[in-house]
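Beneath this line is the structure, given in structure tokens, with notes to follow.
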Amino acid sequence: MAPSWRFFVCFLLWGGTELCSPQPVWQDEGQRLRPSKPPTVMVECQEAQLVVIVSKDLFGTGKLIRPADLSLGPAKCEPLVSQDTDAVVRFEVGLHECGSSLQVTDDALVYSTFLRHDPRPAGNLSILRTNRAEVPIECHYPRQGNVSSWAILPTWVPFRTTVFSEEKLVFSLRLMEENWSAEKMTPTFQLGDRAHLQAQVHTGSHVPLRLFVDHCVATLTPDWNTSPSHTIVDFHGCLVDGLTEASSAFKAPRPGPETLQFTVDVFHFANDSRNTIYITCHLKVTPADRVPDQLNKACSFSKSSNRWSPVEGPAVICRCCHKGQCGTPSLSRKLSMPKRQSAPRSRRHVTDEADVTVGPLIFLGKTSDHGVEGSTSSPTSVMVGLGLATVVTLTLATIVLGVPRRRRAAAHLVCPVSASQ
């Protein structure tokens with residue numbers, strides 16, 4: 001029997017309810033056993049096009065959505081024509097169509113788009129029975145190896161970035177439980193909570209290294225060049241979010257030189273109905289025996305002492321955080337530059353740093369702009385009748401399957417979504 005994989009799918013309801021449970025997928029000698037509940041969204045990353053199949057019972061409640069309320073990508077591409085009796089809605093678009101974005105990394109081509117459910121009142125009614133929902137979609141195509149058609153194997157990955165460098169350095173950024181003992185399985189928060197973030201580099205057989213968080217920014221989408229944005233870490237390791245009323249800070253001492261932990265008081269952007277946040281950080285490493293300096297540091301602001309203090313190293317390295325003059329232009333100026341694609345860094349430093357993203361962080365209890373008349377405050381009513389998902393989060397696991405060399409790359413990757421787990 002071939003190995004089995006398990007991944008998590010969460011439906012997050014705007015009213016503060018979360019439906020989340022492990023969804024098993026097995027494979028036995030090439031035969032896939034379907035989960036007990038049919039998936040509501042299926043995605044196929046093919047050689048030149050993207051196929052998205054959506055169940056009309058999108059939220060698993062028995063209330064069917066209208067195909068006209070579904071669209072794909074920023075260009076709002078419409079689905080294929082379907083009959084009223086059809087149980088699914090189907091999209092078939094080219095990888096470059098519908099406003100999809102392409103990101104080129106060192107080892108992959110990443111096409112990103114989203115499925116949107118945007119309900120409109122039916123007829124002369126002024127009420128809505130469902131709310132908006134948005135499903136991020138990504139297709140990853142490896143750049144390495146033979147470029148013939150059968151060599152491309154698209155894969156789904158969870159939107160918790162892990163970056164592999166050429167010298168086998170693996171950078172990661174993860175949400176952790178409050179006691180730091182394990183990774184947080186559900187990215188949901190109430191306003192007033194504190195997010196625990198852990199940046200880490202796995203060095204393998206590399207010489208000992210010390211990890212630093214150079215800068216971090218929070219945005220509403222995975223693209224850190226978008227607006228609005230909020231800077232969390234800047235000036236080569238100054239946790240500037242702690243200057244506000246927040247208590248955000250780096251954790252000292254470190255668990256080890258290759259790990260850096262910090263907390264961020266959760267927030268949402270005013271005047272925006274979305275309740276999701278993505279955090280992107282630029283991570284870098286130095287030799288573990290090098291003394292931290294102004295360009296390589298981890299500094300937190302203490303309101304009680306009204307001063308900056310480092311996780312390690314002399315206190316003088318944090319003085320530049322006060323004026324924001326720590327050697328090079330700040331993050332705010334970097335963000336105004338065009339998005340980086342493949343490489344303006346020199347080959348000497350390409351393995352020393354990486355951009356990693358964690359998200360989305362979901363903030364429960366934030367009122368949606370799309371109200372429902374006649375709603376009640378009962379949690380049961382919110383779950384069953386009126387609090388349908390405005391944001392749908394897919395946590396997707398990378399499944400690497402060995403296929404015969406003659407097989408075409410149009411790998412059919414199924415990502416089930418279910419709200420009834």
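Glycine is no exception: its Cβ is also placed from the backbone N, Cα and C atoms.
Within 10 Å of the C-beta of Cys139 (disulfide bond) there are 23 other C-beta atoms, taking all protein chains into account. Here Swiss-Prot flags Cys45-Cys139 (among others) as disulfide bond.
If you take the C-beta of Cys77 (disulfide bond) and look for same-chain residues 6 or more apart in sequence within under 8 angstroms, you find Ser71, Phe91, Val93, Glu97, Cys98. Taken from Swiss-Prot, the feature disulfide bond applies to Cys77-Cys98 (among others), supported by similarity to another entry.
Per Swiss-Prot, the feature disulfide bond maps to Cys216-Cys281 (among others). Over all protein chains present, the Cβ of Cys216 (disulfide bond) has 28 other Cβ atoms lying within 10 Å.
The disulfide bond annotation in Swiss-Prot covers Cys238-Cys299 (among others). Annotation note: Cys299 (disulfide bond) sits in a strand segment as assigned by DSSP. Sequence-distant neighbours of Cys299 (disulfide bond) (same chain, six or more apart, CB under 8 Å from its CB) are Gly237, Cys238, Leu239, Phe250, Trp308, Ser309, Pro310, Val311, Ile317, Cys318, Cys321, listed in sequence order.
The domain 'ZP' feature in Swiss-Prot is assigned to 44-306; the stated evidence is sequence analysis.
The feature N-linked glycosylation site is assigned by Swiss-Prot to Asn124 (among others), with experimental evidence given as support.
Per Swiss-Prot, the feature N-linked glycosylation site maps to Asn146 (among others); the stated evidence is experimental evidence.
What Swiss-Prot lists as N-linked glycosylation site is Asn179 (among others), and the listing cites sequence analysis. Under the three-state DSSP scheme, Asn179 (N-linked glycosylation site) falls in the coil class.
Annotation source Swiss-Prot lists N-linked glycosylation site at Asn271 (among others). Non-local contacts of Asn271 (N-linked glycosylation site) by the CB criterion (under 8 A, 6+ apart in sequence, same chain) are absent.
What Swiss-Prot records for 1-22 is signal peptide, and it gives experimental evidence as the kind of evidence.
The transmembrane segment annotation in Swiss-Prot covers 382-402.
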Residue among the disulfide-bonded residues Cys45, Cys98, Cys238, Cys281 whose Cβ has the most other Cβ atoms within 10 Å: Cys238
Alpha-carbon spacing, Cys216 (disulfide bond) to Asn179 (N-linked glycosylation site), which is rounded to whole Å: 22
Of the disulfide-bonded residues listed as Cys45, Cys139, Cys281, the one whose CA lies nearest the CA of Asn179 (N-linked glycosylation site): Cys281
C-beta crowding around Asn179 (N-linked glycosylation site), within 10 angstroms: 7
Cα distance (Å, whole number) from Cys281 (disulfide bond) to Cys139 (disulfide bond): 22
Separation of alpha carbons, Cys45 (disulfide bond) and Cys281 (disulfide bond) (Å): 28
